[in-house]
Amino acid sequence: MSAYLRLAGVNKTFGSFTALGHIDLEVEKGEFVTFLGPSGSGKTTTLMVIAGFEQATKGEITVADQSLAHLAPQERNIGIVFQNYALFPHKTAAENVYFPLQMRKVGKKEGMKKAEEMLELVGLAGFAHRLPKELSGGQQQRVALARALVFEPDLLLLDEPLGALDKNLREQMQIEIKRIQKRLGVTTIFVTHDQTEAMSMSDRIVVFSNGAIEQAAAPLDIYHRPATRFVADFIGESNLLEATITDAASGKAQSPVLGEVTCGAEGMPPLTDGQAVTLLIRPEHLKLSREPKEGRQNAQMVIETIVNYGDNAVVIGHAGDQQIRVRVPGADVVILKEGDSCHFSWTADAVFVLDK
Amino acid sequence: MNTLMRWIGIAVVIFIAAPLVIVVPMSFSTAASLQFPPPGYSWGYYQQFFSDPSWLRPAWNSIYIATMNTLLTMALVVPATFALVRHKFWGKSFANLMMMMPMAVPHIVMAVGYYSYFGELKLVHSKLGVILAHSCLSVPITFLVLSANLKGFDLTLERAARSLGATPGQVFRHITLPILKPGLAISALFAFIQSFDETVVAIFISGRNAETLPRKMFDSIREEADPVIAVISTLLFAIVFIGLLTPSLIKLVRRMTGSPQPK
């Protein structure tokens, strides 16, 4: 195995509270992995255990087959970008970036030169002599990134680094971080609770919930083939419907809301007759129409709310007790009215089955 | 409403500042005793102050005692503040209360206590006695200023420094200490002023050997109302004023000359 970072059975308890159950994870060298989950799900705790600010109660962490167990944070050679950037307010941008080199006994002249090169790489040439308070949020973010990378760390950890930025800057920094990470090839762990951020940046997403890993897979796998109901619900928008498998061989299931459904999405878990399952249909895979559509499976709903996003809209309706969300192109939404009754339809390859 | 508030504010400021306005002109007076407004102006009493050993000796005593007091207070309060702000331990709130105690107990009560207690220890009429007593009185204000600073200190900065390769000692030297420097300077200044200004305990225990300036002033005003008192008051005011203004002045000069910020 060529795993670069390996967490084996990592467990962390605070008194009687279990923060991390039993974390097993392997990360390849150069990989960009995102820890995604709601707050309190254990993603930041895992990060802090890797960084050495928290001690694992049980389990082992290795980087390149070397155990981190007896290394203090300053001996781990891990670069961290904190949520609030944690720039040293009494040092200029260049001095901040020079700091890790100074701690590694790199001379001032050589170190400052390297620091300025790093600042150039993150797009801050000419800002070297500014104090943090004289920089904007996005610029401070870049300084923090440069500081965490300048000493060529074995790992780069980013703890919700974009949380404090506004939307446009966020997207710009997502692209920027990804560009720099690719260029330097540093193994990176990025913690966020923002699923679009996770989707757009990661090689692999690790979904956390209640101190355990729900699923670790590529972004599109997570989206199209979620391992659990939690993942399906947490990532993207979803319609989750109860059903029972009636004919496993042909993928037939009976749902109280949709009637008989044929399930045919790629990569489904093996099914057995009579199995209670949850069906997942993404809102963008549903279509709305006045009349049932030929060649598709159809059901009826009453429109309750229309949420308009301009280029598209989400139509929320009810089929029996079940809430149904349908994403439609923005242009289509004008013919729909709240309170209208209509049909929604789908094809077999849009229906994914989750083990209940 | 707004104008009314402004006038009330100005009236309050004038009322509070009035003693300063009266004392400063009196120090340049030609009158034989304290008199306002002065009949004429001269440097006479300044010359008298700087040439009379009976004034200069208490002045040096005060400077020596205040300096020693500042060193001792800081040596006690800095570690105590770190412990009380950053750590949880049994009896912490009691320790917090004890730190503030000297502020709550009237100085006269403390003074009587020191007088009889230090008498036993042969510390009355000694500089050491005054220094010890003043340190106790300086602890609360020093602790207040410093703990406010330390509470506002972002601990992630220390974590960041650790992750960048600094040992705890290096973190303290390169990050914590420089960032807290203004707070340390101000709390030390408060300790110094507290001692320099303290009168009640000094009257009780300083005696002839360790006579401080406020004590000498008190004795003098009782006996003769010597206008040298106004000189000393003006000098003290000027020193404290300059002390408080220095940081802003440094900033202003830097901005005007455009030289880079300190490292």
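From the backbone N, Cα and C atoms, a Cβ is placed for every residue, glycine too.
If you look up TrEMBL, you'll see B:7-28 (among others) marked as transmembrane segment.
Annotation comment: TrEMBL describes B:59-247 as domain 'ABC transmembrane type-1'.
Long-range Cβ contacts of the transmembrane segment (B:63-85) within its own chain (Cβ-Cβ under 8 Å, at least 6 residues beyond either end) map to 92, 95-96, 99, 127, 130-132, 134-135, 138-139, 142-143, 146-147, 150-151, 184, 187-188, 191-196, 210, 212. Annotation comment: TrEMBL describes B:63-85 (among others) as transmembrane segment.
The transmembrane segment annotation in TrEMBL covers B:97-117 (among others).
As annotated by TrEMBL, transmembrane segment applies to B:129-150 (among others). Within the same chain, residues 65-66, 68-70, 72-74, 76-78, 80-82, 84-86, 99-103, 107, 110-111, 114, 118, 121, 123, 180, 182-184, 186-188, 190-191, 194-195, 198, 201-202, 205-206, 210, 212 sit at least 6 positions outside the transmembrane segment (B:129-150) and bring their C-beta atoms closer than 8 Å to a C-beta of that stretch.
Sequence annotations record features per position, and here TrEMBL assigns transmembrane segment to B:227-246 (among others). Among residues of the same chain six or more beyond the transmembrane segment (B:227-246), those with a C-beta under 8 A of the stretch's C-beta atoms are 20, 23-24, 26-27, 29, 31-35, 45-46, 48-49, 52, 55, 59, 189, 193, 196-197, 213, 217, 220-221.
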